[in-house]
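For reference, Swiss-Prot has these:
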- P2: active site, schiff-base intermediate with DNA (ACT_SITE)
- E3: active site, proton donor (ACT_SITE)
- K59: active site, proton donor (ACT_SITE)
- H93, R111, R154: DNA binding site (BINDING)
- 239-273: zinc finger (ZN_FING)
- R263: active site, proton donor (ACT_SITE)
Amino acid sequence: MPELPEVETIRRSLSQHILERRIEEILIRWPGAVEGYEEKTFADAVRGLKFQSIERRGKYLLFTLEEGWSFIAHMRMTGRMVYHAQSQEPEKHTHVVLKLSSGEIHFTDTRKFGRLQLVRTEERLQQPSLARLGPEPLEEGFSAAELGRRLAPRKLAIKAALLDQTLVAGIGNIYADEALFRAGIAPERCANSLTKEEIEKLYPAICQVLEEGIAANGTSFRDYQDANGERGDFQKELKVYGRGGEPCKECGHTLVRIRLAGRSTVFCPCCQV
């Protein structure tokens, strides 16, 4: 699933191409990919409108259109939004095509979990998907103290807490594993057992892995590509994620893979306590 760095990379790459471009036609090839309005109403509402801005909130993209309309896009497991300068034949799993005044956006999703939701702009932050999100980890209002305050009542594993989007928005399996490794914290530790010193290590570790992920244009294993169809490079920098059974790059001990909060989790039992 695209996490904060991947979604931010998609936002930046789309912004290069579509701002002030007009939606001339929308082709909905699978109606289940769109939400908010019936298929024809959805298409009629946005036809002729320009993209004014693209923002990110957690793992969601928020597209502001003219006349008070917005798209909320969530890629979920395998969703992709790719810009094509010239008209392209849709792939098998391309569910929505936005034909613009210059170029096209193809919304493609092999597993059919991703969605494009049409909402009134003034109502979008009240949508349940966005209203429940925690703070953005890379914004000024978030700090080690705020992270500690939010972890204090959490009686669950710290890895599970980091995956909870109401705690902090945008962190998923990849960056949770990497942040915990950098902070030297075992993923099974109870969230409310972390000391002030440990939280002061975890907070910058979260920020660093997310910032480095963005700088590397995200992590690509299978499906993820940016809006230009290019893969990310952060998979080359991963210390633990996806490396269960391999030696730790810091101490040489064998990395352990467990199942935690329903997700595969990899950590070093020597470096993380």
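Placed from the backbone N, Cα and C atoms, the Cβ positions cover glycine too.
Ranked by Cα separation from E3 (active site, proton donor), the recorded positions H93, R111, R154, R263 are led by R263. Each of the recorded positions K59, H93, R263 was assessed for Cβ neighbours inside 10 Å, and the highest tally belongs to K59.
Taking P2, K59, R263 as the active-site residues under consideration, the smallest Cα distance to R111 (DNA binding site) is found for P2. Ranking the recorded positions P2, K59, H93, R154 by Cα distance from R263 (active site, proton donor) puts P2 first.
Secondary structure of the zinc finger (239-273) per DSSP, as helix, strand and coil residue counts: 0 helix, 12 strand, 23 coil. The number of other CB atoms found within 10 A of the CB of R154 (DNA binding site), across every protein chain shown, is 18. In this structure, the recorded positions P2, E3, R111 were compared by how many other Cβ atoms lie within 10 Å of their Cβ, and the smallest count belongs to R111. Taking the Cα atom of each, H93 (DNA binding site) and P2 (active site, schiff-base intermediate with DNA) are about 17 angstrom apart.
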